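Pulled from Swiss-Prot, these are the features on record:
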- 152: active site, proton donor/acceptor (ACT_SITE)
- 175, 196, 197: substrate binding site (BINDING)
- 28: phosphoserine (MOD_RES)
- 29: phosphoserine (MOD_RES)
- 46: N6-succinyllysine (MOD_RES)
- 57: N6-succinyllysine (MOD_RES)
- 65: N6-acetyllysine (MOD_RES)
- 89: N6-succinyllysine (MOD_RES)
- 98: N6-succinyllysine (MOD_RES)
- 197: N6-succinyllysine (MOD_RES)
- 1-27: transit peptide (TRANSIT)
């Protein structure tokens, strides 16, 4: 994942001796006051709204959970992350308080429109993604870097269910281009864990599952709170 994605969607806060508070908060039903951007807005197409409603139905029996998504990390969460993982000489609290998550930094409809759903039993994350007009690469199609980003954060969420992680490796095979404003399904699953290494697979398919746009594998490393990142 991109370095900023290590904190994406998460109310970060971890205590070294137990399950990271960030993970507990994200995958629980704890109320938060930040605006949740993983909810329908006027830019969502009919296809995206339909898929969203279908997955919300799946959430009713508790097998799936919709994950929230925020533009900024709460100040307390940011401070806790920096305390455990950032060397004090590199902390820039005033600047960091103004930082925004990359995937939520564009106006609605222009960039990354998506919602994620988590299945704990299957160790799986499904992301419903609509690429906006400001994500263009070749005319009419989503940029490969934007595709890599949505894979990174979706696969990263699978790994994040096991603790606070960052990307070590991302291997992507681009099969078919994704048209702008189309809706695709990003499906990621945690395959295995070896110590601090977490291996995740990911695919992007059309909503009818007839077109495979992308295949990917990713390796994430669980962060050690005793070893600062900087």
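Glycine too: its Cβ is placed from the backbone N, Cα and C atoms.
Swiss-Prot feature annotations superimposed on the structure.
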{"residue": "46", "record": "N6-succinyllysine", "contacts (Cβ under 8 Å, 6+ apart)": "none"}
{"residue": "57", "record": "N6-succinyllysine", "contacts (Cβ under 8 Å, 6+ apart)": "none"}
{"residue": "98", "record": "N6-succinyllysine", "contacts (Cβ under 8 Å, 6+ apart)": "none"}
{"residue": "175", "record": "substrate binding site", "contacts (Cβ under 8 Å, 6+ apart)": "212, 213, 214, 215"}
{"residue": "196", "record": "substrate binding site", "contacts (Cβ under 8 Å, 6+ apart)": "221, 222, 224"}
{"residue": "197", "record": "substrate binding site", "contacts (Cβ under 8 Å, 6+ apart)": "168, 219, 220, 221, 222"}
Other CB atoms within 10 A, centred on the residue listed as 'N6-acetyllysine':
18
I need the CA-to-CA distance for the residue listed as 'active site, proton donor/acceptor' versus the residue listed as 'N6-acetyllysine', whole Å please.
20
With every protein chain in view, what's the tally of Cβ atoms within 10 Å of the Cβ of residue 152 (active site, proton donor/acceptor), excluding that atom itself?
23
Max CA to CA distance in Å over the substrate-binding set 175, 196, 197?
31
